[in-house]
Amino acid sequence: MNNNNSFNFIDSQYSTPQGAYYDNTGRMGGGGGMGGPTDSFDNELPLLEELGINFDHIRSKTLSVLNPLKKIDSHIMDDTDLGGPILFGLLLGFSLLMSGKIQFGYIYGLGLIGCVSMYIVLNLMSEKGIDIYRVISVLGYCLLPMIFLSFTSLIININGMVGYILIGFAIVWSTYSASKMFVKVLSMIDQRILVAYPVGLLYTGFALITAF
């Protein structure tokens, strides 16, 4: 009699809980309304989204820079995306490194001064205001023409007439794209020239680092 009670006790300890089941992977799931640990994992955001890296946003903003004549959505900078600017900054430094120029310090130093300066200028000029992260995002994405210029310098010598034309084109391209984004986001259409002037000075500095 005691042996039967012992076996019943052991069986109750190791049996499947009421309302539970085992799926085809061998994991136990609950049959009730309470969500188990697997439910919390399923509801978690992907790691890249938690880090603020969204490849769809990077692609759309990159295409906006590549085609500056295309109409820009006023909500393009609603999200604070720094993944693209960091990537483009590293690409610019890598391309300069391939040409024998170790300019990472100059790139990030000029970028820091330029972003802080533009943040101050834009907040003084606009009624809406803008945060520093969106300034970094816009200026970082618009580095793309400078990256093209830097990789072009690996193929041809840009310290000549053709090179000067390419340098001027890259500066105008970057300045046009960045100023267009700023005035669209901040509703400053009438002040575009005033916005483009400091932006152009910043990208001229990047072009000089790239060329010399």
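Glycine is treated like the rest: Cβ placed from N, Cα and C.
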Q. Looking at Swiss-Prot, is LYS128 on the same side of the membrane as ILE76?
A. yes
Q) What residues in the same chain, six or more past the boundaries of the topological domain 'Cytoplasmic' (187-191), come closer than 8 Å to it by Cβ-Cβ distance? A) 74, 125-128
Q) Ranking 80-100, 102-122, 192-212 by Cβ pairs under 8 Å to the transmembrane segment (129-149), which is first? A) 80-100
Q | Positions whose Cβ lies under 8 angstroms from the transmembrane segment (102-122), at least six residues beyond its ends | A | 89, 92-93, 96, 129-132, 135-136, 139-140, 182, 186, 195, 198-199, 202, 205-206, 209
